[in-house]
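**Q** First the structure, which I've put down as C-alpha cells, then a few questions once you've had a look.
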Amino acid sequence: MDGMLTEGTSAIPPPQPPLEPIERPPTPPPLPPDESALPPPPTDPAPPPPPPDSLAPPPPPEDVPRSTYTVPVVVKKKKVGWGSSKSTTPLSVEELLRKKKEADEAASRPKFLTKSQREKLALEKRAKEIEHERRIRAASTNGSMMSDSNGGGGNSNGRASPTTRYDNVNGSSRTSIPTAPRALRGEIPTAPAAMRSSQAKNNDPRPGNKVPSDSAATGEKRTAPEDAQALLTRQRYMGADQTSSFSAKKKRRRTTERKFNFEWNADEDTSPDYNPLYQNRSEMNFFGRGRLAGFSDDVVDSAAKRYAKALEDRDLEAGSARAREILEMERRRREEGGRNGLDLHWSQKRLDQMRERDWRIFKEDFNISTKGGSIPNPMRSWGESGLPKRLLEIIDKVGYKDPSPIQRAAIPIALQNRDLIGVAVTGSGKTAAFLLPLLVYIAELPRLDEFEWRKSDGPYAIILAPTRELAQQIENEARKFCNPLGFNVVSIVGGHSLEEQSFSLRNGAEIIIATPGRLVDCIERRILVLSQCCYVIMDEADRMIDLGFEEPVNKILDALPVSNEKPDTEEAEDARAMSQHLGGKDRYRQTMMYTATMPSAVERIARKYLRRPAIVTIGNIGEAVDTVEQRVEFISGEDKRKKRLADILASGEFRPPIIVFVNIKRNCDAVARDIKQMGYSSVTLHGSKTQEQREAALASVRNGNTDVLVATDLAGRGIDVPDVSLVVNFNMATNIESYTHRIGRTGRAGKSGVAITFLGNEDADVMYDLKQMLMKSSISRVPEELRKHEAAQSKPTKAGGGQKRLDEGGMSAPKTGSGW
C-alpha cells in the first residue's frame, strides 16, 4: 500500500464514478420486530461509514476482478518539519487588494444560468436531500437492531421484562407503553438501548453527537406541550419577544399585480385643453394658507375676472349673464368681509356677524365667565347695551367711554329682570353696573308724585352698603344719572340725626341708599316702609357679613312684600315672563348682589332670597387686579417700620395721595403724628371718628389738600380715592380678603399702582395665602424670606370649628344653616 501512496499518485487518471457498495458477509437475522413499533425498512441498503483518513484503504476483495476495482485517490499531505522547506515569500499588499477587488466584482455581478444548468442544480440538491434522509433512516434502523440483538432490557426468551417496559420512557423499546402523541412516537433515539437504560437509571446523560430527527431534516419545528406552556408563561410575565421575524428575502405578494394598466399614458390625455374653464380654476387653493390660500384680494379679483371672461367667450348670451352674477357675488363678498366675516376680529364685525366662537374670544379677552341658564351675550359697546337713548346721552355726558368688564356682562343680564350675583375685583365699575339697569326698571313704574299715597308706601329700590363712606359715594354717583331723569335719591346712614333723614323722605324717594343698621332702625321706628319696594341691591355683601350685618340684612329682606316675589322655577330664567306686570301694575322683584368674595354666609343669603340667579365672575375670586404691583418686606418692630416708611416717602417715587393701613385704632394717630414730623400732611380715618370727621378727612384727600391718609380696614372697602399711587400696609391684614381690598384702593380704573407690605413673624396665619397670591400675580415677586418661611409652606388650620374672625366693629351673626 505504501507504494500506491507515493508521490507518483499525481499521474493516476481521474477517479471514475463509484460502483455499487461492496457486499459484506451476511449477519444472522435478529428477532422479528414489531411492525407497529419499528419504522419501515429502507428500500436500498445503506453504505458502510467511510474509513478514517489515517487508515489505509482495505485491499480489494478476492471475488472482484482487479480491472473493475478502482483505487481511491488519496492526496498525500505535505510533511511540515524536518526535511521540508516553507515558502517565505509573502503576498504583496497590492496583489491582495487586487484579488479582493476581483472577488468582490465577481460576487457583485449577476450569474446567468441556463435552464439546463438550473435543472441540473435542482436535481443535485434533491439527490443530496434524498441521500441525507436515507442515511438517517439507516442509522435509526441499525440502532434499533443493535439494541434488540444485545437483549437490552429483555429476558432470555427475547421478551421484555415488566420493569424494562415501564423504565424505557423515551420509547427506545418497541414494547414500551406510549407516552406521547402518535405524531411524536417515532422520534429517533439518542443512544443504544443499553446506554439509555443505564442513563435513565443513573440519571446521568452522556455527551455524544445527537442524530437529527426527521422533523429537523425536513425543516419543521415541533414544540412539546411543556415547551409551549413555558413559552406562554414567559410571554405573560416578561412580555412578547421583541425580535422581529421580518426577512427581506421572503417572497411577498406584489400589490400591483392586479392593478389595471391602460395601454395609453396619462400624459397623453388632451381633454383638459379642450375646455379653458378648467385650466387654472382651482390652482390657487393648493398654495399658502389663510382665507383663500393666503392670497390678497387683488389676486382673488383677477381670478374672478378671468373666470368671467372665459364664460363670456364660451357663451355670449348665457355666459355674459353668468359672468355678471359672479362679479356681483365677488363684490358683495368683499363688502361683507368674506365668508360672513370669519377672518375679521370681533371688534370689526357687526352684531349679526358675531358667532359663538367670537363671543368666546370676547369673554376670554375681558376675563368674563358666566354661570346659569339663558344668559344673554355681553355687550361690546354702549350702543349695543339696549339702554334708552336718554340714558345713553347722560352716560356720554358723564364721560363713560367704554364699559368695564363687569358692566359689559352684568347690564344685559340685569335688563332681562334676572337675579344676579356679580363677583368682581375692587375698582371694576360695579356701581354703574347696577345703577343703570335700576334706572331702566323704575322708569317703567308710575311716578311717586302722581298720587300722594305713593310717597308714603316707600321707595321703589333700596341699595345696601356696608359703610357710610361707601353709601355716600354711591349716592354721589347715582345723582349724576337720577337728577337729569327726575328721580329722587336719599341716603340713610349713621352719624346723622333721624329727624334730618325723615325730613328728606317727606317728598318720597324712588331710590334709598342705606347701611343695614340705620335702615333697620328706620323700619322699626315706622319712619320708613317697604310696601312697594321691588328692586334690592346689596353692594360689598361679603363686607357686610364680616362687619356682623347678617342679621340686619335678613330683617330688611324679610320686610319686603311677598306679593311680587319671583317663583323658584324655570320661569325665573325667562326674560319675557319676568317683564310682565302683576295685576296690571306691579312687577316681579329683582335682587342683585355684588361681592368680591363668596363666604358661606353670603351663599346662605343668596340661596334664601335670590331666585335662579345668573353668576358673573370677572377674573378669579379673591385675587388682586393685575394693575397692582405687590411688594413684601420682612421688617419687625415699630421703629424699623417707621424708618422704612420715611425712606419710602422721601424717595420721591410715589406722588400723593398715599394710603397707610394699620390694624388697630390707637396706631392711626401715632403713625399720623410721625408722618407729620417727616414733613407730610396726614389725616386719620377709623371707627371712632364722627361722621363729619370722616367726610372731612376723605374730602381733604380727594381734593389734594392732604398727602397721606392713615386708616384702618374701615377705608379698605369701597372707598374710592382717585389716583392713589401707593398703599402701605404698616400692619399686615388679619385675613387675605382684607388684604385684597386694601391693595385694591390703588390701580383703579385701569391705572397702575404699588402696594408695599411690612411683614413679621406675628403674621404667620396669612403667609401661605399671601404667598399664593403673589405667585398668581404676573407683575409681583415672592421674596426669598417668604418663600422659605415655615408658615408659608402649608395652609394653617382654623381653630374653633372654622369660625371666621371678624374685622373691627359690628356684631357677630349666628351661623345657622348650611353653605350654598
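Indices start at 1 and increase along the chain as displayed.
Cβ coordinates are placed from backbone N, Cα and C, and glycine is handled just like the others.
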**Q** Need the matching range: Swiss-Prot marks motif 'DEAD box' on one of 223-226, 539-542, 723-726, and I'd like to know which.
**A** 539-542
**Q** Pick from 264-292, 351-379, 380-408: which range has motif 'Q motif' per Swiss-Prot?
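**A** Within the set 264-292, 351-379, 380-408, Swiss-Prot attaches motif 'Q motif' to 380-408.
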**Q** What number of additional C-beta atoms lies within 10 angstroms of the C-beta atom of ALA424 (ATP binding site)?
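**A** If we count other Cβ atoms within 10 Å of ALA424 (ATP binding site), we arrive at 25.
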**Q** Name the residues of the same chain, 6+ apart in sequence, whose Cβ is under 8 Å from the Cβ of LYS430 (ATP binding site)?
**A** ILE406, GLY422, ALA424, ASP539, TYR594
**Q** Is it possible to list how many residues within the compositional bias 'Basic and acidic residues' (116-136) are helical, extended or coil according to DSSP?
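**A** Per DSSP, the residues of the compositional bias 'Basic and acidic residues' (116-136) fall into 21 helix, 0 strand, 0 coil.
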**Q** Let me know the model's mean pLDDT on the domain 'Helicase ATP-binding' (411-616).
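**A** Over the domain 'Helicase ATP-binding' (411-616), the predicted model scores a mean pLDDT of 85.
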**Q** Within 10 angstroms of the C-beta of GLY429 (ATP binding site), what count of other C-beta atoms is obtained when all protein chains are considered?
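**A** Taking all protein chains shown, GLY429 (ATP binding site) has 19 Cβ neighbours within 10 Å.
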**Q** Tally of helix, strand and coil residues over the motif 'DEAD box' (539-542) according to DSSP?
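**A** The counts are 2 helix, 1 strand, 1 coil.
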**Q** Of VAL425, SER428, the binding-site residues given in the record, which has the fewest other CB atoms within 10 A of its CB?
**A** SER428
